[in-house]
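The structure appears below as structure tokens.
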Amino acid sequence: MAFETAGMLKAEIHCHIEGAAPPELSLRQAQKYGVDIGTILRDGQYVWSDFAEFIICYDAVASLFRTQADYALLTETYLSELASINTIYSEIIVSPDHGDRIGLGADAYIAGICDGIFAAKEKTGIEARIIVTGERHFGVDRVVGAAEYAKRAKNPLVTGFNMAGEERMGRVADYARAFDIARDAGLGLTIHAGEVCGAFSVADALDIIQPSRIGHGVRAIEDEGLVERLAETGTVLEVCPGSNIALDVYPDFQAHPLRRLKDAGVRVTISSDDPPFFGTSLSREYRIAAEEMGFDRQEIDTMTRTSLEAAFVDETTRSALLERFDAYVQTSAKADVKDA
Ligand SMILES: Nc1ncnc2[nH]cnc12
Ligand SMILES: [Zn+2]
């Protein structure tokens, strides 16, 4: 490998806030609330063995964050870590249902996350936005409720709507109303599809939701026509390779379809999903793209730029981010010429 990814400017558009909780922080939270987490955290690692168990473990970790200040700390901790590896933009996926489930309420939950975003921005300059998500396994009514909440919130940091959780529960059409509400509210739309379920799930998402982005979407590779459709529509895939390997969607990085999707003209990006759950981090994802998947510096920069182009932000913020990113690309290209 002729280049280091550590110094590259980065952006991430797919990371779940509770999924970013460092195990040490979860342990401290468990001690604070007197909760025994021996079944979900062992030897500094979250414990799960398949997708269904991962979701259970995720929800248990989420239940350890119980106040506005807990969420502010979690958010600031994650964004500061991202900033320290040269990340200029982050979208975090949040579920008001988690706020409701621990009795905090959606408003205080979102307020804590906003506090963390403001604190991290002040300290590091990192720009961040919030994507409200409905958790599919909590049922249609809760997903619709999450969309209604996102619409009602009228919070300038809440810029997108997503659906995560157990992809095998129901079909996309069952949840269409939630996306109609979010679309009417002017929110950017993305949906987890083609991760646990196959290409049909991505096709459903395109047919029914027509989102500008899809979370994962990698199993579209199983249908050549669908890959062409993704390329034609310019739908952006939020690809999380480390997550896909950890969850056994693919056996290894060589079998992962990121390269094939990119070569087929699909607009792809790189994110970390739930980094400590999957033994990864955004810096590792960039390293893997270079070292395991054979992408060169320009290709990785293109994926980062695609994240910024597809970000759910106002156009002034997007222009500022792109200007900063393009200046970095030009400077690094000049440095490459000098080194050659
Ligand atoms: N990878 C993933 N897929 C679906 N739902 C999730 N929630 C958190 N991580 C997720
Ligand atoms: Zn996800």
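Yeah, the Cβs are placed from backbone N, Cα and C, and that goes for glycine too.
In the three-state DSSP assignment, the secondary structure recorded for E195 (active site, proton donor) is coil. Annotation source TrEMBL lists active site, proton donor at E195.
Cβ-based neighbour count (10 Å, all protein chains) for D273 (Zn(2+) binding site) stands at 30. DSSP classifies D273 (Zn(2+) binding site) as strand under the three-state reduction. Annotation comment: TrEMBL describes H14, H16, H192, D273 as Zn(2+) binding site.
The substrate binding site feature in TrEMBL is assigned to D274. In the shown protein chains, 26 other C-beta atoms lie within 10 A of the C-beta of D274 (substrate binding site).
Residues or ranges marked as domain 'Adenosine deaminase' by TrEMBL: 10-327.
Summarising the annotation, TrEMBL assigns site 'Important for catalytic activity' to H216. Look at H216 (site 'Important for catalytic activity'): DSSP puts it in a strand. Long-range Cβ contacts of H216 (site 'Important for catalytic activity') within its own chain (separation 6+, distance under 8 Å): H192, A193, G194, E195, L237, E238, V239, C240, S243, N244, V249.
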Show, in sequence order, which residues other than H14, H16, H192, D273 on the same chain lie with their Cβ within 8 Å of the centre of the Cβ atoms of the Zn(2+) site. C15, G19, I93, N162, A164, G215, H216, E238, C240, S243, S271, D274
Taking the recorded positions E195, H216, D273, D274, which residues show a Cβ-atom distance to ligand 2 below 6 Å? D273
Suppose you look only at the domain 'Adenosine deaminase' (10-327); what would the mean pLDDT be? 98
I'd like to know which of the recorded positions listed (H14, H16, H216, D274) lie near ligand 1, counting only a CB under 6 Å away. H16, D274
